[in-house]
Amino acid sequence: MPAIACVDTGYVFSGDSSLPTAADVFIPTSPTSTFSDISSRWNPSLSASLYRIDCWGAPYFTANSSGNISVRPHGSDTLPHQDIDLLDVVKNATDPKPSGGLGLQFPLIVRFPDVLKNRLECLQSAFDSAVKSQGYGSHYQGVYPVKCNQDRFIVEDIVNFGSSFRFGLEAGSKPEILLAMSCLCKGNPDAFLVCNGFKDSEYVSLALLGRKLAFNTVIVLEQEHELDLVIDLSQKMNVRPVIGLRAKLRTKQTNHYGSNSGENGKFGLTSSQIVRVVTKLRESGMLDCLQLLHFHIGSMIPSTSLLSDGVSEAALIYCELVRLGAHMRVIDVGGGLGIDYDGSKSGEADQSVTYTLEEYAEAVVSSIRYVCDRRSVKHPVICSESGRATVSHHSVLIFEAASSVKPTAHQPSAADDIQFLLEGEEDLYAAVMRGDQEKSLLYVEQLKQRCVEGFKDGILSIEQLGSIDGLCEWVLKAIGGSDAVQTYNINLSIFTSAPDHWGTVGQLFPIVPIHRLDQKPGARGILSDLTCDSDGKIVKFIGGESSLPLHEIDSYGGGGRYLLGIFLGGAYEESMGGVHNLFGGPSVVRVSQSDGPHSFVVTRAVPGQSSSDVLRAVQHEPELMIQTLKHRAEEVMHTKGGGQEDEDENEYKNVAACLDRSFHNMPYLATEEGIIE
């Protein structure tokens, strides 16, 4: 078994020089070439190394002996018989109902509540261990920011799984407060309900109502003027509020997420504003209500050194608030606990972090303890808002590669053909003959430009332009300058299902075939989605790659489906996705580990949004649309006439059935039922 080297770029193996390297995986120079010698030695372990599954996926995902992705629902505590074969889950969800399946259509989100439970337990355990090892005088009590994924069952699971250790929720809007209060009715009464975000009187009233309903609600001041609302409404409602404030720290990140932190951050109070808030609370006889300090360095904090700097700065502010007379008891370190999307542990390019859960917790606890001990301040309760680290792993997006497009090139039959076609291009011909790649590339571009100008001037026909283009492609291939990357057309909308990749964040997610991992990938590919938008493609992948090792697939409608998964996408993607081109949300199944014959049970299955659903979401009325189109069909049939009433009636029925079916089905490609290999 080779040692796995999780490096910043590329796909590499170490420890066994006899094994194929990344170069062996990609497309050969000729479509007819084979790699039977290498393929015979290929196995799932090599695929796991190739796709870095053991780096970004541990301890929840691995490649099993069947060549499929296995899910380890309880992380490191998963027993061998508890592994869940992801392909089995997908087959169960998408096989037609007459065959015993659920009949769901791709794309498909598969959620694993057991993984979610394990993430919560690991987070709590990391802080519990840090508290114990450092002799910390209080405890950790986290909250889940529901903005990361507001799905009802996810939030309910978190409240249920975290009840034993008082895990709570964070809300940033009025609907989120309502959601949080409803879910926390079944949670631990001591769990925090942290109320962040911009506030008006209705927002503050809802939060104060939470206090009346015996929720442990904390209103966090994001802006100075919000204090007036809290003071006024709490007196009118006769509610003693618990107030927190968000501090703008000087500590900030230097990566993409750093723009949301520091003194120029969107939220928070400066030191002078904090002093004014304390003064006003003292004058109002409410300084005892100020009990929590909140801050946020930024998402995906790359290192514990930066984390420690920020936490230490915040702890100093906390101690100053205690000195000024506030009844402080909680420090909320906010979000920022990152995950290692690319498995490199490098902390670079917003895709990776250098620490583990345990190291994160140690840094937070030790920084607060050190500052508080120096100031002789009682250790506060530690809260964090770790959404990304909580929910990312438990959700996998599965989609089909419906077809692939291979690059084609003109194939001259002999060297004299080349010379004939290159007549008048002596420099290019000479560069090709001596194998000068740099000069050949330069002359090819010059030839292309001249030919395009000639085509625009009417000198060249499209056939001639096509011949020159084909020749240039052949030259590039002959000198090793061509791009052998295929385009895989995927049954997915990136705008709907992976908006963070398309948007300004440019988030890279691990993308891996969920089967055929016992076979050597024979191609490199980029992914192109269904939308009529040139940005609807994935051309950057983890490890700094511009293409992904993939297997050859049949053309659309062929024998077997080729299924890929986007991993670690459980946070933000669903809540931020829109309906670009009116492609709606995917189908969803919840899968729990079971001791039955298949090691899993589907506890909930929800079909994806139909065309009617997405049309309704943009203010159309599908029922009225159907009737309008059916009426149009009747008019056309009547106008056509011809005295063939039976044929007209049958044709109308076919049109009506087609309309009903199209409104009812999902907007994605309805591929022919095929075997999942």
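Here the Cβ of each residue, glycine as well, is placed from N, Cα and C on the backbone.
According to TrEMBL, the protein has these features:
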- 139-391: domain 'Orn/DAP/Arg decarboxylase 2 N-terminal' (DOMAIN)
- Lys147: N6-(pyridoxal phosphate)lysine (MOD_RES)
- Cys532: active site, proton donor (ACT_SITE)
Lowest local Cβ density among Lys147, Cys532, which the record lists as recorded positions, within 10 Å
Cys532
What does the structure give for the C-alpha distance between Lys147 (N6-(pyridoxal phosphate)lysine) and Cys532 (active site, proton donor)? Integer Å is fine.
29
In the predicted model, what is the mean pLDDT computed over the domain 'Orn/DAP/Arg decarboxylase 2 N-terminal' (139-391)?
93
